[in-house]
Amino acid sequence: MYSTKCIQKQAHKEGIWCCTWGENRNRNKQYIITGSLDNGLIAWEWTNSQLKCLYQFEGHRLGVISVDINSTGTLAASSSLDSQILLWDLETGRLTKTYDGDPADTWTIAFSPDSRFLATGSHTGCVNMINVQTAQKEGSIQLEGKFVYXLAYISDGSKLAAGTINGLVSICDLETGSVQFLDGHATPVRSVSFSPDGRLLASASDDKQIKVFDVRDGRLVIPSLNGHKGWVVSVDFASDNRHLVTASTDCSVRIWDLASKEEKHCFNTHEDQVWCARYSPQGNNIISVGDDRSIMIYQCA
């Protein structure tokens, strides 16, 4: 049931810190974006169980630390240690917009489900909302925690979750402006992910744990999923709402079953720290990237 489907070694010149998997349904194409400390991004097409390099984006002056693809699969966004956010057209490969943030102001990014806004997390604990069409900031939300490591939108776009360096998980109601704080971790929260049905929120932390919250009342549904031996730096929900994939500095990628609250499978194919893992839009494949400069694609269905 679980197997390694594709290995792309030396995909970048340096470690790969971020990846995302999107889909353009109108063109029947699946796109993968990887970002590296070599300052570059690569857009890949996943076709016939193989990775095809489409574009090598150049524009950042320092390492790329966060990437995302909009809901229509037409636009990619990247943020870098150079404090810039760049928007890329996935049909032409051209740079379309540039947003210059403050130093350490663009550590993480996330497209809104309607593709109109790009949320960015900053070192001050502020979440900025960037208009995709104008590349201008249109609003911000101040959180209690400092240094926003992770952002995730709920599927209907009404809420935005954030993870911060002091272990707080926040759920921002974008319609009312209220913020709910979930105190679940004692160390930095590196990644958050909503279930596709919007009922659950998963968080991953340096404390080696994954926690799952009820979005409605903030109740801790699963206090801890244990198994990783290092920081858990990435978490993502499967399309079935019942499974999670996590990546860790212990060099492993793990799949979790939420019903049994147990690890279902562990991939140990990377030779160094793994920084990001994401499900494909259909949920039948997983991508992972890490410091070994490799891209791994796994079959999970």
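Every residue gets a Cβ built from N, Cα and C, even glycine.
Pulled from Swiss-Prot:
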- 11-54: repeat 'WD 1' (REPEAT)
- 59-98: repeat 'WD 2' (REPEAT)
- 101-140: repeat 'WD 3' (REPEAT)
- 143-182: repeat 'WD 4' (REPEAT)
- 184-223: repeat 'WD 5' (REPEAT)
- 227-266: repeat 'WD 6' (REPEAT)
- 269-300: repeat 'WD 7' (REPEAT)
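Assigned with DSSP, the residues of the repeat 'WD 6' (227-266) fall into helix, strand and coil as follows: 0 helix, 22 strand, 18 coil. Residues 147, 149-156, 159, 161-169, 171, 229-237, 239, 241, 244, 246, 248, 256, 258, 261 of the same chain, all 6+ positions outside the repeat 'WD 5' (184-223), place their C-beta atoms under 8 angstroms from a C-beta of that stretch. For the repeat 'WD 7' (269-300), the partner stretch with the highest count of Cβ pairs under 8 angstroms, out of 11-54, 59-98, 101-140, 143-182, is 11-54. Taking H, G and I as helix, E and B as strand and the rest as coil, DSSP gives the repeat 'WD 7' (269-300) the counts 0 helix, 17 strand, 15 coil. Looking just at the repeat 'WD 4' (143-182), the mean pLDDT is 94.
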